[in-house]
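Marked as coiled coil by Swiss-Prot on the basis of sequence analysis: 261-284. Look at Swiss-Prot and you will find 1-18, 83-109, 171-191, 312-338, 404-425 tagged as topological domain 'Extracellular'. The feature topological domain 'Cytoplasmic' is assigned by Swiss-Prot to 40-61, 131-149, 213-290, 360-382, 447-485, with sequence analysis given as support. Sequence annotations record features per position, and here Swiss-Prot assigns transmembrane segment to 19-39, 62-82, 110-130, 150-170, 192-212, 291-311, 339-359, 383-403, 426-446.
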Amino acid sequence: MEEDEVTIREQNFYSQVRECIICFLLFAILYIVSYFIIKRYKRKGDEQEDEDATVNRVSLFLCTFTLAVSGGAVLLLPFSIISNEILLCFPKSYYIQWLNGSLIHGLWNLVSLFSNLCLFVLMPFAFFFLESEGFAGLKKGIKARILETIIMLILLALLIFGIVWVASALIDNSSASMESLYDLWDCYLPYLYSCISLMGCLLLLLCTPVGLSRMFTVMGQLLVKPTILEDIDEQMYIISLQEEALQRKLNGGNYTADYSRKKIEHDLLNARSMKSKLERRKNASAWQRNLVYPAVMILLLIATFSSVILVSLNILRLLVDETAMPKGSKGSGFGDASLFTFGFAGATLEIILIFYLMVSSVVGFYSLRFFSSFTPRKDDTTMTKVIGNCLSILVLSSALPVMSRTLGITRFDLLGDFGRFNWLGNFYIVVAYNLMFAVMTTLCLVRKFTSAVREELLKAIGLDRLQLSNKSSDSPSPNGHQKSL
């Protein structure tokens, strides 16, 4: 009997060690990838040799950690889905014993914990630490900046928890909620994270439909269009004229204080870079020009309409079945049953659709005018913008599993703290969310594909002159018949 207990304890110990090693390796890979991504966009001029360099290194480490957690949140649902199918295909294989329900639940809990840590502690600390200078009267240095940052974090925490306490007291009229703060960990922190999750899902609701329509323009800029859709020779001629004009202005010293020599050199480099890209597009083969572009556009159409159809079907399920609610569904255990009719193929298609929604949400986020100034630029992004971008990506990626389950894109149950949000059990919020997503996506697609027809109709009836004031802000696309959203 004692030997059996020792054997069980040893197995549990080895299982926990194995899970820790796997989690560490996965996070190390994500951290390395995130580091190179940030270094690609971070401004090189931010690297000083004084205390500011130390502050920048600390902020860079925290931003890299946050971006790695964001990557883990994005991969969380696809990894869980594919792991469930692998366990069903090879239930007793020796080589996949490490892949079990305990590991998956541990990953969900770790991502939830680190998301909270980055959102409420690390990112505010990085921002305040970067902007701090030390209190007046104290000796300048790293210690003074750390002291100021900690005090600012304490004041921010008091402000946020005060707002959350008032909000929860207004919603719940019981005397306990208005008189006590003892249940801070059990009540107010989950309530705060639930509000942040709802805000992230609302941000995804705003960004994803815009991104789904914007993806056609983005892919059109990356791929080589057929000759009938764009005239590369004309574009190269225009770029060559711009390059010659900038070169003459630079050589002649014809620039003012507003249009300095540095800006002329920057515009000249951009013109030459655009010219080299156009030359590569011109030298593309015939199959790239006539086959790849239509195939990609068709795939985008299929993925977009598939997401709209799945959301529409989910609305019908919500109306007739209580288990369709994201918080009310209690499926079988991990690795016990498949969630797809077509097994591995269905899981693969679902994972592709989830990644497509995430990419579309990021594209839509940077396409919105309010967030367009956040767009990172290669080797020209300040550390403050890096912090803002990492925080935005964290909010979007943390809400991705919740949005995918709420819209019915996947039937995989939310694990850990992701499935404990109160608003997931509200029928009206979930149905309204699905309806708004379907309607907004349809309207964005209709606006996208009818823009050329709408412009021609306005020209035919003479109303295009009324929009002359807006044409300077809306730059046409290279093919001349599409407008960016």
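Keep in mind that glycine also has a Cβ here, set from the backbone N, Cα and C atoms.
What you are looking at is a predicted structure, and each value in this text was computed from that prediction instead of being measured.
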Proximity of the transmembrane segment (383-403) to the transmembrane segment (62-82), 3+ C-beta pairs under 8 angstroms
yes
Please list, for the topological domain 'Cytoplasmic' (131-149), how many residues fall into helix, strand and coil according to DSSP.
9 helix, 0 strand, 10 coil
As a quick check of your reading of DSSP, tell me how many residues in the topological domain 'Extracellular' (83-109) are helical, how many are strand and how many are coil.
19 helix, 0 strand, 8 coil
Quickly jot the same-chain residues contacting the topological domain 'Cytoplasmic' (360-382) by Cβ under 8 Å, restricted to those at least six beyond its ends, or write none.
40-44, 46, 203-204, 206-212, 214-215, 218, 388-389, 392-393, 396, 400, 484-485
Short question: which residues 6 or more past the ends of the topological domain 'Cytoplasmic' (131-149) have a Cβ under 8 Å from it?
51, 54-55, 125, 384
Listed stretch, out of 19-39, 110-130, 426-446, that has the most CB pairs under 8 angstroms to the transmembrane segment (192-212):
426-446
Residues outside the transmembrane segment (426-446) whose C-beta sits under 8 Å from one of its C-beta atoms, at least 6 past its ends, are 201, 205, 208-210, 212-213, 304, 307-308, 311-312, 314-315, 318-319, 325-326, 406-408, 485
Same-chain residues near the transmembrane segment (110-130), Cβ under 8 Å, at least 6 residues beyond its ends:
23, 55-56, 58-59, 62-63, 65-66, 69, 72-73, 76, 145-146, 148-149, 152-153, 156-157, 160, 189, 193, 196, 383-384, 387, 390-391, 394-395, 398, 416-418
